[in-house]
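Structure first, commentary second.
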Amino acid sequence: MKLLIKGGTVVDPVAGKIEEKDVFIVDGKIARAGAHVNTAGAEVLDASGKLVVPGLIDMHVHLREPGFEARETIYTGTRAAARGGFTSVACMPNTSPVADNGAVISFIKACGLKGAVNVYPIGAITRGSKGEELAEMGDMKEAGAVAFSDDGMPVMNAGLMRRALQYAGMLGMVVISHCEDKNLSAGGVMHEGYVSTMLGLKGIPASAEEVMVARDILLAEETGSRVHIAHVSTAGSVRLIREAKARGVRVTAEVAPHHFTLTDEAVLGYDTSTKVNPPLRSAGDVAAVREGLADGTIDVIATDHAPHTEEEKDVEYDLAPFGMVGLETAVGLVWTELVAAGVLTPLQAVVKMTLNPARVLGIPKGTLEPGADADITIIDPDLSEPVDPARFASKGRNTPFRGRLLKGLPWATIVGGRVVMQDRVIR
């Protein structure tokens, strides 16, 4: 099969260049890219006026299968990814059973082969994500796990986390840390501050995140292993990561779109789709996160896509589960809130959604080099539409961005040379 993407502006994160090129794909691989490539017999995709970038990678999603298929399945979650412009997703292990052994990792891999995009499983750090004993890391790596995390739960035992970093380091893998001190966050439902006091809701202090970020940076520094800080939300965390990088600590970090767009004031209407963990923080925290994105302290933009059923979220704020969906709004939020606002250049934004997550996970993606898998996202910077959850491919509708006009949207998603989404419609 041959496909020619013609007339687009190629954003190349490896070369660090943006230039008009045609991209020629043969049998699922990138054959070549250059000016005015003419190839007889190829299907032509006109990308004039659009950005052609390596397939976007979301390294933090919750696909909910096995065990929570009412919220999402690998089938629906990968379709949501395709509609959102993502060609690869890495799914967290907080399923039922927990993905803490090779058998569950193999099941997710097998189901992922039938999905619309590439699926990379992340294995649990501890058995059952209970934080008591290490899971079988070697078996999970052999089965296809690309990283280890107890996301949704912190590893409270510092000695256990130290051993996890040591073992992961020996395997050449990264540990993704959900930084939350449960002794500080216990019972909290939103950011601790003026708004939580006004609403009468128990708060989660910034220190609940920051003390664990500091701990895991120290453990990574001592062991020489790699740690990736998930969903950074506070100014203090950004500062700690920036200082650690300056010392040469092998730490990387990600931020979710809701943490660079929304503050705790979004909770004023008691909309349970604003209930996330870590919580929406103060305006100062949002500004610090944006600064961390701009100066390279934060390496990756990842959604923390966390679908829930309408019934689960349609309860009092205190009782609702944490989480919001993000796969189908991420690109629009990045382009509207960061690129159009001048926080990031288009190239910087693409690097944080392609090359950097690929490098953190150690997967052969995020490039448009000849011979690479033909995973490509085409973004139309002029395309705009309001967020309409009724059009989501995800089972989850729990978004606080309902009705928000976003400009700069994925126009086509190509996985292995096959167009899986075009004109906002999944094929």
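Yeah, the Cβs are placed from backbone N, Cα and C, and that goes for glycine too.
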Annotated companion of HIS60, HIS62, ASP151 at the Zn(2+) 1 site, Swiss-Prot, chosen from ASP299, ASP304, ASP314: ASP304
Matching residue for the Zn(2+) 2 site, where Swiss-Prot names ASP151, HIS231 - out of HIS178, HIS258: HIS178
Substrate binding, same site as HIS62, LEU63, ARG64, ASN94, HIS308, PHE322, GLY323 - Swiss-Prot member from ASN157, ASN277, ASN356: ASN277
Listed in sequence order, residues with CB under 8 A of ASP151 (Zn(2+) 1 binding site) and six or more positions away: HIS60, MET92, PRO93, ASN94, ILE122, ILE176, HIS178, ALA230
Number of other Cβ atoms within 10 Å of the Cβ of GLY323 (substrate binding site) across all protein chains: 23
Cα distance (Å, whole number) from HIS308 (substrate binding site) to HIS62 (Zn(2+) 1 binding site): 10
Shell list (Zn(2+) 1; ref centroid = CB of HIS60, HIS62, ASP151, ASP304; cutoff 8 A): VAL61, MET92, GLY152, ALA230, HIS231, ALA302, THR303, HIS305, ALA306
